[in-house]
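See below for the structure under consideration.
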């Protein structure tokens, strides 16, 4: 082959260039083309790197068989202008040598040159919706070893074997699933994988249970068999070993038979299928035809009344007949065979079974009719009639009708309705209605929901402000297609959306409460009163006839809310005489200057004055009408005169006003500075001359001021111009009209202090407040409501009597916007209620049964030859009509009862027509009544009828009792509690949450006295559960309980503020609360407390540095210590009293504690100095120091001055009149700067609980030595102030948690029983915030349901198989359907009760509505080998591999073992059977070998045990069991024996075990051969008693294989086979083998046929 040559000589291509590399061979151009051959395929198995090539080869003798071929490159990209198949792609083609070099194209055969261009499919993006990958199903898992060369499969399997699964993947066109090129789908998505790993589980052997105990011997005499059986626990899986024998036999012999054994039995066969007699139809037609003519003949002679009666009877009879088109009941007959059977299974003559009465061999039957249905009707409309992206799929149905109901054993009807998913079709499908939440307007903001329990403001809610809470209702509406502008554009209340049930809205519910803010009013703050001004006119421009007033004023320091009109009066007036507007005010006096140029003596002081109007300085020209103050005369003392100091300033006036009893006084003083020099000098005055007193505040104590009342409501002022409506105000139903400017008025009166209202003329007109001001009228807001909702549904409910119960339906509407400002009020009716229309007939359907027709026998011509048959009596069949009725009895369609009624009653039943020899009795009468429960007896009776009264056998009251007696029912009931106490539940009756509007309620009652409940259960005297009403109980025990109310943390009220910590500048003031009561039961928590359970509030404060001043009295007279009485001069001391006084606008007023004044500024209280002598120079006191310039430096200085009050005598000098000192920092010179304090805590209004507040901080002026001083020092330096002193802040509101109201109680968790509970739940509507009350932990409550008995239909046990009057054969077994009552617990067995109690239940057992009370069975004949009943289903077992974590599902299994009665019939035994089915949640078991000492003979030394402790056969790993000496005890030393897997000695194939009396293996004996004569074969047939069926495992039922029966001896010490007389001779061995092979062949065929018929098992 040329492919082989190519494999040997192809070189690797140059991947980069796509061409072959050049070779160094000879002159290739000399080579001539000899032949060429083109190949267009890849040869399988060729390994080279020239893939996807089309090779053109040629050979040349001159070139040493050199080969050239045409090699194309890969196809390029598909190009083209249009999408789809119109594209084209190209590729390069070379002429190449196999050695790798290229040559000219002419050297290759051009005729065989591959095409370099082709059409292709150009893929575009929109093709993604047209093409997709089609994924095939995964193929079977193939072991990896099977796909790998030279690899053998592992010998031992552990867990599983790795495998590979493959599948087909192709690209397809979605429209018609036609195949397409893979390149199209690969353009969008990589090709899905074609292979995947898989796991092939290891073979699982069949697992069997332990053997049951041995049965009793099958015979009471002679040789019989004992059996023991086991069941299949796990079927063989994945090719595992088949199940071993389920039965083990042991021969037995209870004793010799004293008489002949019964060898024959009468066996009945199964009933034949129901058949019609051939002549039945013709005979009935003839009979009916004759009857009809006779009736017509007879009807002709009747009168009309008789005719009408006959017609009614015919109608009634027609209803009772089964003539409905839905039933075609045909009564036929069926027969069965009765045969006489020998013990060995062969048939015998009937005469051998003569002692038995012949059983019934023919009976009537209903000919089976399968259910017949019409064809499916057309599909109904789709339930989804609109477009909904969230849920686009609906459902549609189609139905079919019953043409023929099943009759007899006919097939039941299939489903009458069919459903399938659908989507709305066609154009113009409207979108589905969507629903959204709407809400009413927010309510007014309220603060009281935030108040704590102890807050005293709860009693007076007026004036509260700050943070609050407002609520609204939330309701669901149908959203329109267009966007609603909702409240903004609502003009008519009918435009609001109609509310629907809240369950229609699926999204999150909008907030129903929110925090809000009520602005706190700012109180007006005013300064202290100023000093009284001079007496002046009200209006200096108009002084004629006007009174005079003295005024004092104060100013507003904090502007209030609403403007200055809310402040107290700012001006007070006092009438006065001699008013003057402009006057000169004396400011001071200049130095005293002597006259005539003398140095001392009399002189004058010039007055310093200014022109004032009241207290305000004005132009001096305004005072020209008044004379200016004259100079004041004074005297400069001479050198020998007495020297006095200047007068001090006048003191503060002692009274603010004057009256008859009090006067205001002012004083001033002066002191003696030097005494006179004896005679010749002016003498010092006496002490009284050193004090002057004058009157002050001489005006009367009658003070007047204007007092204003509150502003009245804003009323319309037609003369005012209109203003546009504020954008923030919603126009209500009154339309978008403008809101007008209105007018407010108030009352202004003149008030005399401490007296009351006086005439207005008493007050000055100038400061009179205005009585009218403009205001803005608020816009009217009408009430806005939703339309009424739709009426609630009217479900039809019926009482026990079937009458419709009257109920009501309602509808509601909600208030969206409350009216205000005179708008239209809301109507009072928000809910309407009306009666529902009650249907005349309660909806419902029931079956009506008509009378049974007469008992119909099998036609006499069919049974007349039957032995014992009589023409007019025997077993028969009767039918009846069934119709559908409404509850009121009117006719209804039969389909209604099929859908809505209970199971259809039976339409046929067996009956018995008594024969003449039978005893006939009446029906039982009703039981007689009882006089009282539990007392006496009650009876019922029946009587013989007709000839039965004379028959002796009928008079036997034991066989035919004529009366029955029973004790009167004893209805004793016992009530007792059951279950736990419920939660404590508060009494219901509060507000119920509307289904249309979700309200946020106030404080829902959460505590107080409630009740808890415990269920009551009622039992009768037989401990059966009955209705609680029997015990006169409503079902509960009720007990009062208390839900403790939450108590909030309780603190004291705030203490008073402390004084400011600093008397000058900024400090802090503190107030505190202390704990009075801790919170409990979920009350509001306490704020953070300190170690002594107090909470503090600290705020900054500012103290005026001049509020306390030192006041010094005049110096005392000198006390000269060096007394010169002549001169009265020398060293001395002066003292004075210094006090700290409160400073006011009028000056120091009262003494206070000294610590309040600055100690650094305290004046001296004593001084030492020298009292000048006569003729000495006397100076006044030093003046104040001049101020040092800042910044303070040493080069600067300050000075003070004085002047001479008395010049010295000649020759004496005055001391210096000036004093100077350097400026030293922090001694006499200071720098100043501002200092800012920290922010205070957030300060709220006194009437606020939370919300917006203000943080403040203070500005201090601080001296360079750190001392706070008056702010004026910093002001004078014009220092920069760049700080913000106030900022807004928020105090978190203490919002209590709010829960929704309790939902309605749920349905009971169980419809009956003891454990039923009802639940109700609530949710958190508003979570708590801040220090609010936390949410309660209980969000659901339960209480027990009233206990109701659990009634159910339950099968009784199957009866024994009944074969009438014979020993064996095909019979029937029966069971009853009884009503049971239980308490609903899982392990409750229940007790049987009257069937009436289950009357309301649909007949069904464990959900299965197919009631089966009878089934066919087989009663084995004596000696017959037969299958047992099915075992119970095994527990569910998981098919798992724990190590690999793989689960192959779960399975359960049941099996039927074989029971044998005669050793001779073992070869006739049927095969054992098992069947499996999948199940859920199986247990994953493990198996392991166990070993132990042999305590008895029943347990081997080594056995297999499952992980749940169950000893099993099979399942353990196939490990070699221990050596025989260890595993089998004693060891297996007998010939043909071995140690089995079960650790017992067993015999090899063809031998059976012979056991000793102790159960040990005694010998392995060859299996005997029995010669059993059979009917029809006089030679007899030799068959083996070794019932071997060596069939291969069937694919239909994995694991089923042939089985081997082992016979065991029946007596102790037996060493030979008990059947030894039947052992075949050696020369019969070959014949035996041949017959065995023939039997195996026959059995295999039969076995395969059985498997083929039971594949579904």
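Cβ from N, Cα, C; glycine included.
Across the domain 'Spondin-like TSP1' (206-257), DSSP classifies residues as 0 helix, 20 strand, 32 coil. If you look up TrEMBL, you'll see 206-257 (among others) marked as domain 'Spondin-like TSP1'.
TrEMBL lists 282-304 (among others) with the feature region 'Disordered'.
Positions annotated as compositional bias 'Basic and acidic residues' by TrEMBL: 294-304.
Taken from TrEMBL, the feature domain 'Spondin-like TSP1' applies to 371-424 (among others).
As annotated by TrEMBL, domain 'Spondin-like TSP1' applies to 642-701 (among others).
Among the features that TrEMBL reports, domain 'Spondin-like TSP1' is placed at 783-842 (among others). Helix, strand and coil counts under DSSP for the domain 'Spondin-like TSP1' (783-842) come to 0 helix, 18 strand, 42 coil.
Under the heading domain 'Spondin-like TSP1', TrEMBL lists 1049-1090 (among others). For the domain 'Spondin-like TSP1' (1049-1090), the list of distant contacts is 452-454, 456, 1007, 1096-1105, 1107-1108, 1156-1158, 1237, 1258-1262, 1268-1270, 1294, 1296, 1331-1334, 1336: same-chain residues at least six beyond its ends, Cβ to Cβ under 8 Å.
According to TrEMBL, the feature domain 'Spondin-like TSP1' maps to 1297-1350 (among others). For the domain 'Spondin-like TSP1' (1297-1350), the number of residues in each DSSP class (helix H, G, I; strand E, B; coil) is 0 helix, 19 strand, 35 coil.
For 1530-1569, the entry in TrEMBL reads domain 'Thrombospondin type-1'.
If you look up TrEMBL, you'll see 1576-1657 (among others) marked as region 'Disordered'.
Residues annotated as compositional bias 'Polar residues' in TrEMBL: 1586-1598.
The average pLDDT for the domain 'Spondin-like TSP1' (206-257) in the predicted structure is 88. Applying DSSP to the domain 'Spondin-like TSP1' (371-424) sorts its residues as follows: 0 helix, 19 strand, 35 coil. Secondary structure counts, DSSP: the domain 'Spondin-like TSP1' (1049-1090) has 0 helix, 16 strand, 26 coil.
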